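Q: My structure is below; once you've seen it, I'll send some questions.
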There are 4 protein chains.
Amino acid sequence: MSEKLKIAVIGGGSSYTPELIEGIILNHAQLPVSEIWLVDIPAGQHKLEIVGSLAKRMVEKSGLPMTVHLTMNRREALEGAVFVSTQMRVGLLEARIWDETIPLKYGVIGQETTGPGGMMKALRTIPVLLDICKDMEELCPEAWLLNFTNPAGMVTEAINKYSKIKSIGLCNSPTGVYKWLSALFEVPVERIYAEFVGLNHLNWVTKVSVDGDSKLEKLFDLKEGYSAKNVPQSEWNADFIHGLGAIPSYYLKYFYLTQEMLQDQMASSKKEGTRAEVVKRLEDELFELYKDPNLAEKPKQLEKRGGTYYSEAAVNLMKSLYNDSRDIQTLNVANGHTLDFLPHDACIEVNCVVTKQGPIPLPVSYVPVSVKGLIHAVKTYEQLAIEAAVHGDRSLALQALGHHPLVPSVNIADRMLKEMLEQNKAFLPQFAEA
Amino acid sequence: MSEKLKIAVIGGGSSYTPELIEGIILNHAQLPVSEIWLVDIPAGQHKLEIVGSLAKRMVEKSGLPMTVHLTMNRREALEGAVFVSTQMRVGLLEARIWDETIPLKYGVIGQETTGPGGMMKALRTIPVLLDICKDMEELCPEAWLLNFTNPAGMVTEAINKYSKIKSIGLCNSPTGVYKWLSALFEVPVERIYAEFVGLNHLNWVTKVSVDGDSKLEKLFDLKEGYSAKNVPQSEWNADFIHGLGAIPSYYLKYFYLTQEMLQDQMASSKKEGTRAEVVKRLEDELFELYKDPNLAEKPKQLEKRGGTYYSEAAVNLMKSLYNDSRDIQTLNVANGHTLDFLPHDACIEVNCVVTKQGPIPLPVSYVPVSVKGLIHAVKTYEQLAIEAAVHGDRSLALQALGHHPLVPSVNIADRMLKEMLEQNKAFLPQFAEA
Amino acid sequence: MSEKLKIAVIGGGSSYTPELIEGIILNHAQLPVSEIWLVDIPAGQHKLEIVGSLAKRMVEKSGLPMTVHLTMNRREALEGAVFVSTQMRVGLLEARIWDETIPLKYGVIGQETTGPGGMMKALRTIPVLLDICKDMEELCPEAWLLNFTNPAGMVTEAINKYSKIKSIGLCNSPTGVYKWLSALFEVPVERIYAEFVGLNHLNWVTKVSVDGDSKLEKLFDLKEGYSAKNVPQSEWNADFIHGLGAIPSYYLKYFYLTQEMLQDQMASSKKEGTRAEVVKRLEDELFELYKDPNLAEKPKQLEKRGGTYYSEAAVNLMKSLYNDSRDIQTLNVANGHTLDFLPHDACIEVNCVVTKQGPIPLPVSYVPVSVKGLIHAVKTYEQLAIEAAVHGDRSLALQALGHHPLVPSVNIADRMLKEMLEQNKAFLPQFAEA
Amino acid sequence: MSEKLKIAVIGGGSSYTPELIEGIILNHAQLPVSEIWLVDIPAGQHKLEIVGSLAKRMVEKSGLPMTVHLTMNRREALEGAVFVSTQMRVGLLEARIWDETIPLKYGVIGQETTGPGGMMKALRTIPVLLDICKDMEELCPEAWLLNFTNPAGMVTEAINKYSKIKSIGLCNSPTGVYKWLSALFEVPVERIYAEFVGLNHLNWVTKVSVDGDSKLEKLFDLKEGYSAKNVPQSEWNADFIHGLGAIPSYYLKYFYLTQEMLQDQMASSKKEGTRAEVVKRLEDELFELYKDPNLAEKPKQLEKRGGTYYSEAAVNLMKSLYNDSRDIQTLNVANGHTLDFLPHDACIEVNCVVTKQGPIPLPVSYVPVSVKGLIHAVKTYEQLAIEAAVHGDRSLALQALGHHPLVPSVNIADRMLKEMLEQNKAFLPQFAEA
């Protein structure tokens with residue numbers, strides 16, 4: 001066990017950081033962090049200073065033997081780190097606006113984690129993450145990379161394929177599902193077992209038990225399922241959910257209710273702007289709060305941001321890796337034999353036992369016949385998009401888009417891709433070279 | 001070898017029958033058919049008599065020792081048959097009109113072999129075919145069932161799963177591809193090798209060689225691929241085809257150019273009616289010709305009908321099964337290990353060696369990454385629809401539709417299904433019972 | 001949670017029972033057993049009374065609210081049980097003597113859990129266990145069957161294939177390995193992680209870590225590995241173990257050192273009789289001790305018996321199932337996708353997470369190339385022997401023996417089988433019928 | 001099609017060459033060979049001259065436009081070749097004597113294609129073949145390598161893994177099985193279909209039909225199966241064969257009748273020397289005959305040699321590759337998905353359709369449960385031995401031997417390996433380096 005427990009947070013200037021700091025403080029007994037390094041790029045320096053100062057105040061107030069460091073020098077932050085967490089956004093919220101608006105012009109869902117928007121985010125993000133991994137191979141080769149950067153599944157798969165760094169993809173939504181079930185059944189989370197099947201942002205809960213008794217049928221009858229700030233409500237078709245025999249993630253509304261979601265997006269983009277624009281306003285408000293020199297705790301308002309439970313997921317994972325806890329968490333890892341119709345190196349989101357040597361994916365009890373094709377269709381797109389991102393290959397990007405279930409024509413894919421590549425040019429050096 | 005070589009043709013009153021008769025006459029040396037039994041239902045009696053009389057005149061003219069029998073008694077036709085061929089249409093062309101028009105009302109492709117229309121055809125057809133198989137198990141348990149009835153892949157899979165009868169699904173389109181390549185490269189078909197990957201009406205040619213030399217690149221550069229009467233032309237995106245690295249079947253236009261095809265369908269259904277209506281006019285003309293007592297050969301006009309090469313495919317298959325020829329044909333058979341991401345009992349369309357004991361599917365050299373997801377998505381729909389058809393299960397039918405790549409919303413699927421089930425009620429006794 | 005927590009112990013008259021009682025007493029806080037039913041057959045009544053009286057004295061001394069019941073009526077014992085444990089021996093120690101001596105006459109290893117002897121034990125035992133399961137399906141369909149009866153892997157596989165009862169196979173040797181490692185590295189068992197690969201009595205430890213650090217290389221250099229009373233010592237070849245890259249179970253000496261073990265067996269059977277005879281003497285001594293009305297605890301001498309840790313394994317498993325503990329235990333369960341070269345329903349011995357809904361096998365990090373063939377060869381024998389046992393099929397029994405790696409000729413197999421079937425006739429009614 | 005059809009024969013001085021020349025002459029119409037290059041090493045020059053002169057006389061007598069070339073310069077022979085055939089023996093018959101005698105000293109089967117002897121042959125041969133392939137990659141990269149050199153399966157697998165050359169392993173025994181069946185059922189080979197499952201020298205015939213009718217049951221009742229000169233007769237156990245449900249290759253006697261075969265070997269090695277010594281005497285006699293300047297045809301006596309049908313297998317394969325015949329032949333090729341329990345790159349012996357682009361393995365109808373373990377056990381040994389051969393790794397060689405089903409102890413394996421490595425030192429440069 002190394003004496004120094006150093007954590008590096010890439011994209012440390014993010015509005016999420018106070019939540020992470022809070023989590024680290026609350027769990028110090030089991031995860032005795034000694035140094036937190038918040039690193040950001042020059043464009044994010046201003047925000048880093050604001051949020052970093054808040055972080056320092058929080059730590060100081062806690063009285064714990066832990067230091068907070070702010071830096072623009074990524075290598076300094078990585079050196080000797082035990083955990084590296086990433087929460088940055090290449091191209092900032094502006095690029096997210098492009099991801100959400102350009103597809104709409106072509107009559108296609110605009111979303112930053114799947115479809116055309118998700119692919120553009122992957123093209124921008126994957127090379128940057130691989131670059132971080134290259135530094136890590138040199139400066140902290142044994143560190144764990146906890147990746148929250150969306151599209152988290154694709155980014156994790158890319159790292160597993162093109163780097164030696166041990167990486168785990170994380171999403172707040174499984175934690176959210178557990179919280180929702182806990183409130184619903186009025187039992188602590190520990191007495192619930194939920195089985196997740198699928199990919200990041202494309203999963204189904206196929207089993208829910210409380211003290212070993214199945215509760216799935218009860219959930220089917222609920223009018224309102226678990227949802228999230230960043231995905232607008234649209235009621236599920238009850239007959240369909242019963243027939244499905246599983247609880248779909250709220251992200252699946254993009255696939256099961258494509259037409260309704262598209263109309264929602266078009267309407268709300270006129271009224272209140274895209275989700276990116278809403279978030280931008282929220283973030284501005286948050287940073288105003290963070291600036292308050294008397295604030296030394298995570299403000300309540302952060303919970304509106306959409307990313308609740310991110311830090312809880314992160315801290316739980318670090319704790320279990322550090323302590324060899326062997327508890328079960330839902331993570332994004334290499335498939336192995338879990339889903340027998342996908343390649344072994346495909347990244348999936350699945351229950352894992354977290355040991356000191358890393359997460360071990362648990363076999364799934366069953367996969368509903370209904371969902372195999374959709375999982376495979378989206379994984380096909382993901383595999384193609386990852387290769388496109390790494391090699392800067394437009395032809396592969398067209399294959400990825402042309403085979404995405406949300407894209408209604410190869411010709412539309414082609415025209416849309418042209419505009420998106422042009423718009424994102426500054427963040428896609430690998431395509432310029434090619 | 002049984003002395004009597006009896007063939008039973010279910011749906012013998014079809015306008016295709018003269019082509020089949022011609023094929024049998026031309027190949028008598030290698031396939032010494034002694035009896036042809038054309039069987040139809042009372043509603044088809046009139047057509048059976050017209051086309052049956054023509055068949056008799058054709059055989060008489062040939063001078064071969066072969067008899068033609070017309071009957072409404074299916075069991076009489078099946079008894080002792082060596083080959084049974086099916087070419088019937090449950091609900092006749094009228095039901096096809098429903099398959100092609102109802103979906104259009106919901107903004108969805110209307111097509112009789114895939115999507116909502118294809119599913120309805122499967123729901124109508126599968127129980128009838130299983131009923132024929134039950135008779136065969138009693139009356140000719142060793143006979144081969146050559147199934148042309150669309151959706152041929154789904155029907156064949158249903159028979160393999162729910163009957164002991166040896167069944168092979170057949171489509172004319174691989175034969176058409178070979179003819180096209182033969183004309184293009186100016187070499188006989190025997191010198192060409194084409195590898196097919198996928199499902200019935202959802203396949204890709206991933207390998208084309210002439211005398212062992214690859215010709216695939218040349219085909220990518222062609223403006224016009226192989227197409228068919230029943231699928232309107234819509235040009236492929238050249239960049240996309242190059243990136244794909246395979247020649248998609250013209251049926252894939254429904255998936256790759258969904259939006260364009262939908263617009264085509266809407267426009268042409270206004271102008272000239274659906275394809276079903278066009279076919280109905282063609283058939284009426286054909287039957288007028290067939291009535292001519294001086295006609296003793298297949299009339300040229302039949303070639304416009306859309307099903308060219310059907311009889312060639314059928315006769316070639318019977319010849320190879322009968323003679324243990326061990327030649328390679330593209331057929332619809334159980335997957336086995338061929339596509340490792342699909343179940344062993346999934347019906348796929350693939351090159352097979354045809355032995356006396358049946359076709360053996362050949363392993364495919366490779367499957368382009370791009371197409372795996374789409375194949376799996378459509379097979380998922382097919383599996384669900386087959387179970388819906390066999391068990392008369394509306395919930396499974398909704399799962400099938402809701403997961404079909406051409407259906408843009410589960411809610412639309414639900415409303416459309418309601419109308420289609422109502423419209424098809426007379427041909428769906430299994431749903432009434434449930 | 002049922003109020004009454006009833007445990008039925010089939011073969012309750014076994015000399016192991018006091019250990020089990022002790023385990024139940026010590027763990028009462030987490031496993032609040034209310035009734036223990038010890039059941040045996042008439043031939044075992046005398047032993048049941050002796051050991052049952054001791055059990056009652058032990059419980060009384062503990063002061064816990066728990067009753068001990070002795071019965072010859074299996075159905076009474078099973079009714080409403082939550083856990084059923086089996087530890088009986090069909091044919092008693094006398095049949096074990098046959099298993100150990102007849103093969104030796106043919107120059108073949110004589111052992112009661114593998115090879116010809118193991119097969120005979122399986123033929124005698126499997127039908128009796130299936131009969132118990134039939135009763136359970138009626139009287140306690142939701143109970144867990146914890147099976148210790150050897151050959152535990154084969155028996156568990158047979159139950160999984162031919163019964164609806166949830167069954168888990170248990171062996172004391174993984175517990176023993178953990179104890180050994182704990183003593184060796186001087187750390188508590190909780191800080192050790194060992195990965196087991198293989199079948200019951202045919203496994204390898206491929207990974208050992210303490211606090212996440214690998215210790216495997218250190219173990220290779222040890223002169224003495226973990227061994228057991230019932231398998232005589234024979235030193236491993238150090239070069240071979242290094243090349244293997246895994247720690248073989250001591251049972252693997254029968255396969256890796258066949259010739260040496262055979263000579264050992266022949267020599268010691270002359271000197272001190274077979275292991276069965278040694279055990280018989282030990283048991284007689286134990287029962288003498290048990291009779292002492294002043295004895296109210298497990299006597300020390302039981303530890304010589306060879307089955308140490310059995311009760312620990314049993315109580316740990318019951319505790320985890322009862323409390324949904326989700327800890328990792330090494331158990332015999334259906335393979336699923338764990339070993340990709342074996343059928344899904346093959347029983348393997350592997351690390352599992354134990355939930356309230358049963359054990360979930362963990363994927364293995366890797367399987368050394370060297371051992372795959374041997375695992376598959378022994379599993380082939382097991383599959384054939386299970387079918388032979390269930391159907392009373394001599395031809396399958398010959399296939400099983402003729403394909404067992406320890407049998408040097410099909411002709412020898414045939415002659416040996418003849419003698420063994422004859423000798424065991426009284427315990428093989430299924431073969432008489434056939 | 002290249003105008004010049006050049007064949008290079010490595011080990012051209014072999015006594016088999018006249019048979020190959022005869023085959024080429026007889027099939028000239030379909031395989032218009034223009035040049036035959038016989039190449040050998042200096043140690044074989046004398047034999048090359050004798051057999052080469054006979055070959056020239058044979059070709060001259062045929063009057064065909066074909067030249068025969070003798071050379072010690074392998075590169076000259078390979079340049080521009082279309083087919084390369086290998087039939088050499090590294091270490092000559094003397095090394096075979098070691099393979100057959102050293103194991104016997106340790107009480108282990110001595111055989112040149114499996115067990116310890118087979119492994120030594122693999123260790124000597126694989127590096128030489130890989131060296132030939134390196135030359136081919138430079139001088140005739142598109143040529144087909146037809147490999148007859150034993151152990152043919154292992155050598156072919158090594159080439160597929162470590163070279164880009166297209167290689168096919170060939171054995172005469174499937175041809176022999178067809179000839180035997182043809183004589184037995186009195187029908188031409190074309191009307192028979194036999195399905196082979198397994199590895200080179202470890203296969204089973206699981207299906208035999210004549211005109212589509214199964215004949216397997218009839219074969220089980222035969223007293224005498226198909227056998228070969230180089231494997232002494234030892235009668236099969238009829239009950240065992242019935243239970244097996246397949247016809248084992250005569251090489252399987254080493255595995256199913258190990259003890260009897262070992263005794264045979266020991267007895268006959270005393271009486272008439274090893275098989276190698278018998279062959280040596282036969283070869284000396286043959287070369288005496290070959291010297292006769294009036295001899296211009298293959299002498300009858302060659303048939304005693306043990307390798308009958310080798311040239312027939314070779315010429316048939318070349319013809320089919322050359323003409324894209326798409327007929328079915330039993331060959332040693334990469335497994336792919338054929339046997340689902342073996343790796344994709346494992347070399348197996350299986351029916352293939354031979355196209356111009358190479359052989360395509362046919363899926364097998366079924367694999368008897370009984371044989372899977374043995375196939376996997378021997379393949380495990382093969383995989384380990386191939387790596388040992390390529391890397392000169394003694395530790396892997398010990399793993400290979402220690403896991404071979406014919407080796408009764410790891411300690412014996414260790415001692416035997418020591419002696420064999422020492423004896424073969426001159427032919428194992430890769431082990432000296434290590």
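Every residue, even glycine, has its Cβ placed from backbone N, Cα and C.
Not my notes, these are from TrEMBL:
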type	residues	note
BINDING	C:R96, C:N150	substrate binding site
BINDING	C:C171, C:H201	Mn(2+) binding site
DOMAIN	C:196-407	domain 'Glycosyl hydrolase family 4 C-terminal'
SITE	C:E112	site 'Increases basicity of active site Tyr'
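Surface or core, plus neighbours and distances: that's what I need for these features.
A: Counting only same-chain residues at least 6 apart in sequence, those with a Cβ under 8 Å from the Cβ of C:N150 (substrate binding site) are C:E112, C:T113, C:G118, C:K121, C:T125, C:H201. In the three-state DSSP reading, C:N150 (substrate binding site) counts as coil.
Shown in sequence order, C:F148, C:A152, C:N200, C:H201, C:A313, C:T330, C:N332, C:E349 are the residues of the chain, 6+ apart in sequence, with a C-beta less than 8 angstroms from the C-beta of C:C171 (Mn(2+) binding site).
Counting every protein chain shown, the number of other Cβ atoms lying within 10 Å of the Cβ of C:E112 (site 'Increases basicity of active site Tyr') is 24.
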Q: Enter the number of other CB atoms within 10 angstroms of the CB of C:H201 (Mn(2+) binding site).
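A: Result for C:H201 (Mn(2+) binding site): 24 other Cβ atoms within 10 Å.
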Q: I'm checking region-level scores; what's the whole-number mean pLDDT for the domain 'Glycosyl hydrolase family 4 C-terminal' (C:196-407)?
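A: Its mean pLDDT is 91.
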Q: Measuring CB to CB from C:R96 (substrate binding site), give everything in the same chain under 8 Å that is also at least six residues away in sequence.
A: C:R89, C:E112, C:G117, C:K121, C:T274, C:A276, C:V279
Q: For C:C171 (Mn(2+) binding site), name the DSSP secondary structure in the helix/strand/coil scheme.
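A: Looking at the DSSP assignment, C:C171 (Mn(2+) binding site) belongs to neither helix nor strand, so coil.
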Q: Where does C:H201 (Mn(2+) binding site) sit by DSSP, helix, strand or coil?
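A: For C:H201 (Mn(2+) binding site) - judged by DSSP and reduced to three states - the answer is coil.
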